[in-house]
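**Student:** Here TrEMBL flags 14-420 as domain 'Major facilitator superfamily (MFS) profile'. What TrEMBL lists as transmembrane segment is 12-35, 55-76, 83-106, 112-133, 140-160, 172-190, 240-262, 274-293, 305-325, 331-353, 365-384, 396-415.
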Amino acid sequence: MQAKDSNPPDGGYGWVVVVSAFMVMGLTVAVLKTFGLFFVEIQQHFDELASSTSWITSVTIAVFHLGAPVASSLCVQYTHRTVVITGGFLAFSGMALGFFGLNMVWMYATTGFLQGLGISFSWTPAISIVSHYFSRKRALANAIASAGECAFAFMFGPFFQWLISQYGWEGSLLIIGGIQLNICVFGGLMRPLASSCLLEASHCETETPPGNCASKRDKGDKPPIMHKTFNWMLVRRTEFVLYAIFGILAAMSFFVPPLFLVPLSYSLGIDESWTASLLSILAMVDFGGRLLCGWYANLRVTKTIHLLAMTITLISTSLMLLPLANNYLSLAIFTGFYGFFFGTTVAIHITVLADVVGMPEFDSALGLFMLIRSTGGFVGPPLAGLIVDVAGDYRAGFYMAGATLVLSAGFLIILDQLQQRKKRGSKIRTKPEKSTLSYLSLDILKHQ
């Protein structure tokens with residue numbers, strides 16, 4: 001793959017890439033977020049407990065994360081475009097085979113494993129290439145791209161409900177799989193960022209006469225190719241480890257509310273048509289939160305890690321309050337608060353990762369971060385399902401998610417303190433050097 005540009009264009013064709021990533025987010029993560037509509041249908045069809053049924057989502061989330069380093073490594077070796085197209089075919093296969101609905105193990109393997117791998121191979125390169133195309137506007141570009149899942153989830157809520165009523169949950173999976181084939185189309189628009197031409201130009205300016213470069217271009221020589229390798233040694237960096245622990249705890253919580261929001265509304269006696277609208281409300285305010293937070297982060301008024309810690313705290317507060325709802329109106333209000341603050345968090349958490357490790361290591365860091373975070377996504381839904389089974393109340397799952405997020409915010413604070421301490425230490429080390437240089441310059445002036 002060609003080397004990434006050290007000075008991203010921050011616009012131009014980059015906005016086409018953002019729009020493509022927007023669509024890919026919608027056709028992958030939005031499907032995962034609205035899969036709760038299938039939860040009760042599948043549970044009743046196979047006559048399983050909530051904890052057993054939740055393993056479908058758990059496997060999807062886990063494979064989504066576990067496949068990230070593989071996707072990142074393939075991006076390094078080939079192109080983001082190729083990996084996204086492959087992910088589109090995998091996502092389609094998972095849903096299409098899930099149509100047969102043979103047994104729960106079959107569902108784990110198809111709508112769980114294959115769908116999760118397809119999401120991973122689509123989502124990881126899409127969000128990565130956006131970060132490479134933008135620098136100064138990276139927070140805003142990431143926010144717009146990630147907002148795709150909200151826009152599609154807003155439509156998918158009532159649409160999936162209608163599909164289930166018309167074609168059953170099996171037929172709905174087949175139709176959704178066909179829709180996901182469009183990932184391949186938008187993946188094809190993700191043109192690799194060809195920075196090698198710029199590298200060649202700088203090489204010509206500094207090392208060779210301009211005529212040589214012109215002659216090379218006339219001869220049609222290909223630009224130089226720079227190869228990268230996946231950096232597994234990031235796990236030795238304390239800052240990355242702290243952020244990864246935050247990711248584990250956050251993943252344990254993030255996928256619980258969408259999974260149990262629909263069953264909770266049913267337990268409160270809310271009609272199915274109104275229940276589907278809750279997912280639309282969640283998507284709508286999530287969309288607004290992402291764009292608003294991306295715009296604010298782009299102003300650089302608040303340090304992104306501080307902003308992330310604040311949004312995580314607000315999400316946990318919303319989750320603690322959401323179970324207090326006892327009717328549709330109150331549930332819709334608390335869902336709105338949770339969705340908005342969740343959107344603000346998702347808008348910047350990838351930007352914070354880039355700030356922690358730097359762009360040269362971003363592809364490797366993103367893959368490793370998703371891999372490590374997978375443990376939280378794998379454990380979270382079944383743990384919440386077990387707590388719900390024991391407590392006999394879906395509210396217990398929301399309390400568990402809120403408490404876990406409070407703990408995750410603590411690791412962000414520790415990370416920030418470590419970064420500030422290192423920054424102060426580097427300033428202290430540079431001061432003596434500056435003073436020594438000033439004394440030397442004074443001595444030279446005296447002798448002159």
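From the backbone N, Cα and C atoms, a Cβ is placed for every residue, glycine too.
No curator has checked TrEMBL annotations; they are predicted automatically.
How buried are these features, and what lies next to them?
**Tutor:** Long-range Cβ contacts of the transmembrane segment (12-35) within its own chain (Cβ-Cβ under 8 Å, at least 6 residues beyond either end) map to 56-57, 60-61, 64, 84, 87-88, 91, 115, 118-119, 122-123, 126-127, 129-130, 133-134, 141, 144-153, 156-157, 160, 176, 179-180, 182-183, 186-187, 189-191, 255, 258-259, 279, 283.
If you look at the transmembrane segment (83-106), the same-chain residues 6 or more away from its ends with a CB under 8 A from one of its CBs are 24, 27-28, 31, 45-46, 48, 52-53, 55-56, 71, 74-75, 112-126, 169-171, 173-174, 176-178, 180-184, 186-188, 190.
Below 8 angstroms of C-beta separation, residues 32-37, 39-40, 54, 57, 61, 65, 234, 275, 278-279, 282, 312, 315-316, 319, 322, 335, 338, 342, 345, 349, 352-353, 356-357, 365, 368-369, 372-377, 379-381, 383-384, 388, 394, 397-398, 400-402, 404-405, 407-409, 411-412, 414-415, 418 of the same chain, each at least six residues beyond the ends of the transmembrane segment (240-262), sit close to that stretch.
Within its own chain, the transmembrane segment (274-293) has Cβ neighbours under 8 Å at 30, 33-34, 36-37, 143-144, 146-147, 149-158, 160-161, 258, 261-262, 265-266, 307, 311, 328, 331-332, 335-348, counting only residues six or more beyond its boundaries.
Residues 250, 253, 257, 264, 268, 293, 296-297, 331, 333-335, 337-338, 341-342, 344-345, 348-349, 352, 355-356, 395, 398-399, 401-403, 405-406, 408-409, 412-413, 415-416, 419 of the same chain sit 6 or more residues outside the transmembrane segment (305-325) yet have a Cβ under 8 Å from a Cβ within it.
Packing against the transmembrane segment (331-353) from elsewhere in the chain are residues 127, 131, 138-139, 142-143, 146-147, 150, 243, 250, 254, 257, 261, 264-265, 268, 270, 277-278, 281-294, 297, 304-305, 307-308, 311-312, 314-315, 318-319, 321-322, 324-325, 362, 365-366, 369: each is 6 or more residues past its ends and has a CB under 8 Å from a CB in it.
If one looks beyond the transmembrane segment (365-384) by at least 6 residues along the same chain, the residues whose Cβ comes under 8 Å of a Cβ in the stretch are 51, 54-55, 57-59, 61-66, 68-73, 120, 124, 127-128, 230-232, 234-235, 240, 243-244, 247-256, 259-260, 350, 353-354, 356-357, 396-397, 400-401, 404.
Long-range contacts of the transmembrane segment (396-415) within the same chain: residues 239, 242-243, 245-246, 248-250, 252-254, 256-257, 259-260, 264, 305, 308-309, 312-313, 315-320, 322-323, 356, 380, 383-385, 387-388, 390, each at least 6 residues beyond the stretch ends and with a Cβ under 8 Å from a Cβ of the stretch.
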**Student:** So what's the average pLDDT for the domain 'Major facilitator superfamily (MFS) profile' (14-420)?
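**Tutor:** Averaging the confidence scores along the domain 'Major facilitator superfamily (MFS) profile' (14-420) gives 83.
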